[in-house]
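Here is the structure we will look at.
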């Protein structure tokens, strides 16, 4: 009985660990389409510092600043990952 309970517990832990790891590996997307209604020079970005790394390996202060650069570059700059580069 103890072996069955231990095995069940082990399987449960392995299942939840593998599920959360798979979820964290899914690529995050940044939706820049909400900024297209503004002229690129007048996008109202918040001053909140939540750094993101762009595909040009430049750290942007937040997703809005990344989207501004992405729109300026016609989509060449994309989201790479959260945090500093």
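Every residue gets a Cβ built from N, Cα and C, even glycine.
Bear in mind that the values here come from a model prediction, so they are computed numbers and not experimental data.
As written in Swiss-Prot, here are the features:
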type: SIGNAL; residues: 1-19; note: signal peptide
type: DOMAIN; residues: 26-85; note: domain 'Kazal-like'
type: DISULFID; residues: 32-67; note: disulfide bond
type: DISULFID; residues: 45-64; note: disulfide bond
type: DISULFID; residues: 53-85; note: disulfide bond
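Annotation for residue 32 (disulfide bond): spatial neighbours 66, 67, 70, 71, criterion Cβ-Cβ under 8 Å with sequence separation of six or more. Distance between Cα atoms for residue 45 (disulfide bond) and residue 85 (disulfide bond): 20 Å, as a whole number. Spacing of residue 85 (disulfide bond) relative to residue 64 (disulfide bond) is 16 Å (Cα to Cα, whole number). Residues of the domain 'Kazal-like' (26-85) grouped by DSSP class, helix first, strand second and coil last, total 16 helix, 9 strand, 35 coil. You'll find the Cα of residue 53 (disulfide bond) roughly 12 Å from the Cα of residue 64 (disulfide bond).
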